[in-house]
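Lifted from TrEMBL, the feature list:
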- 98-304: domain 'ABC transmembrane type-1' (DOMAIN)
- 21-42: transmembrane segment (TRANSMEM)
- 102-121: transmembrane segment (TRANSMEM)
- 133-158: transmembrane segment (TRANSMEM)
- 178-208: transmembrane segment (TRANSMEM)
- 229-250: transmembrane segment (TRANSMEM)
- 286-307: transmembrane segment (TRANSMEM)
Amino acid sequence: MSGLPPYASTGERVWYYSFRVICGLIFIFLITPILVVLPLSFNAQPYFSFTNEMLTFQEGAFSTRWYWDILENGMANPSATEGWWADVWQNAQWVRAVKNSFFIGIFATLIATALGTLAAIGLSRSEMPFSKVIMSILISPMIIPLVITGASMFSFFSLDFNPANWVVEGDQPPEDRWQLAFTYGGLILAHAALGTPFVIITVTATLASFDQSLVRAAQSMGADPVRTFFKVQMPLILPGVISGALFAFITSFDEVVVVLQMATAEQRTIPRQMFSGIREQISPTILAVATILVIISIALLATVEMLRRRSEKLRGMSPQ
């Protein structure tokens, strides 16, 4: 970014430097709470605050015990050497939460990416009627409070989908209930619904600069719609699709309100486990988990930024 030109007025110089100072203060305000968590996760004492030993950098003030506690919390026999990893994988509470988060997040991301990409392509077509109204409806989960969304999903997923129970005569006992509440399938669909709007927005933004004449050229050469999509359109919008998928995964990985209402104790995700840990057992293990999540989020956001730049280069929007 170039600096001020030599002929800049005093007002322009004041605004130039004031703007950067204000942006720096906002950045510090946003990043400080996150940075405080990092050293606290290495506190040797079970406190959520800096101890005198930490402030003076005394020996033994810092420890990785809370990171080990992520693996050992809930184990049947943490001190055993034989079968230690099997015990961790099967019984550790935080490891179970990690497995649930990735399992739900990956499948929810796949569904959200497929639905969001198809919706964005359909809405980008000029002959699509009421496209703005449909877009507003599809991105409404981003606007509606999560408490309302979670309660609505719980009410819907609690319905009995077994046709045998729709009409029950007399005292006839009902058949087995078919419902999605308190199931992994229900959580995956709920998280997919929350992540789809992010995919729609990112793919729609990518399609805004897509040259539709490429599609018409492929069709004029005899390519069917499916072949045109995978050979012409998809390679150019792929960075936007991947960016939307990453946003959908982050949304699922970070979601706690819907999980609170629709998950059982065995289906706890990382945010749900952190919420329970804060309420039931205050432990710096939560800070260690938060540090790991911050690192994962930074890595994902860095990936999104690299994909954004690649998308701009493919579309000829960036000179670099």
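A Cβ is built for glycine as well, from the same backbone N, Cα and C atoms used for every other residue.
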What residues in the same chain, six or more past the boundaries of the transmembrane segment (21-42), come closer than 8 Å to it by Cβ-Cβ distance? 48-50, 54, 62-64, 66-67, 284, 287-288, 290-291, 294
Would you say the transmembrane segment (102-121) and the transmembrane segment (178-208) are in contact under the rule of three or more C-beta pairs closer than 8 Å, pairs 6 or more apart in sequence? yes
